[in-house]
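Participant: Supplied in C-alpha cells, the structure appears directly below.
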Amino acid sequence: MTVTRTARLTGAALCAALALVIVVWLLSDLATFRSPVELLWYWAGDRAFLLRRRAATSLVDPVLLVAYLATAFAALRSSLAGPALAVTGLTTLALRLPGLWAAGVDALVTTLLTLALAAGLVVTASAGRRDEHEQEREGEPGGPTRPRTGPAVAAGALCGLAALVWAAWEVHWATALPVEFTVDRFTGGRSLLLPALAVPPGWLDVVLTLLLLAAALSALTRARHARPVGLLAGLLLTGWGTGGVATALRAGWFGGLADLEADTLLAVLTSVFAVLAGAAVMVLLARPGARRRSPYRPVAALPPAPPARRPPGW
C-alpha cells in the first residue's frame, strides 16, 4: 500500500507529536529522579525507589518513542510508509486504551491526546492510499515489496514461538493468582502500584501476543506489510526482555540459576529469549525485499535493413 506525499507528511507530523508527548513525560521523570540511572532501573522493575519517588512512565514509553521516530522516518523515505503508519497507530491505540480509566487528570489528558493522534495515523494510512500502477506510470518507485523467503520464514517462526510463550505465561498467571489480582493485571488496579502511564502487565501481554501472532502470520505468508509488523513486534519484544534481563542482573540471579525457584528461573530464561528473538526478528526483517521486475514494455520495431542493391533515388 503506497500513500500520497501529503499523507507521508501528515503521518510524519503525527509521529513527531506522539514522540513529543513521551519526551515531555520523560523530562518530567528525569527531573523527579535526578539521575537517569535510577530511572532506568525503575523501568527495569526495581521498585526500591517507590519509597522515595515514583515515575509516570514505564519501559513501554521509551520503546514507543523509538517506534515513533522510526515510523516518521519511514513515512518520509520508505515505500513502507502506509503499513508502518497503520501498524504503529493500531498498536498505540491498543496499548493506550487502558489509560482511559487511569487515575489522574494529567494521565487521562495524555491518553486522550495519544489516542487521537494514533487514530489520526490509521486514518492517514487509509485515506492517503495511492494506486501503485498510477505511481509506476508516473515514473516513481512502486509499493512495498514482499520480504525474502528465508528471512521471512525464520522471523515468522520466532514470532510464533514467542506468541506461544507469552500466551502460556498469561495462562499461568491467570491460574496461579487470585481473581482480584488477575483483574488488576488487566485494569491496572491499585494493588500493582503502576506508573501513571504504564500499561497493565496482563493487557500488555495480550497486545504483544496478538502483535506477535500477526507478525508470524504475515511473515510466513510473505505479505507486503510483514516487515513493519515484524519490526515493531521485535522492538517491543526486545524492550520487554531487556527489562527482565536488567532485573536479573541487578538481583544477581545469573550467578545462581540452579538455586532459583521454577517460576523465577523460567522468567529469567524468557527474558533472555525475548532479547535474542526480538533482535533476531529485527535483523531478519530489516533488509528490504527483492524488487519486483518491471513489466515488459515492447519497443518500436527497427526499420528494415537497406537492400543489397539500392534502387535509384534510395
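Cβ coordinates are placed from backbone N, Cα and C, and glycine is handled just like the others.
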Participant: I'm validating the feature mapping. Which of 31-49, 202-220 is tagged transmembrane segment in TrEMBL?
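Facilitator: Among 31-49, 202-220, the range TrEMBL annotates as transmembrane segment is 202-220.
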Participant: Please report, as numbers and ranges, the same-chain residues at least 6 past the borders of the transmembrane segment (149-169) whose CB is under 8 Å from any CB of it.
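Facilitator: Non-local partners: 205, 208-209, 212-213, 215-220, 222, 226, 230, 233-234, 237, 270, 273-274, 277-278, 280-281, 284-285, 287.
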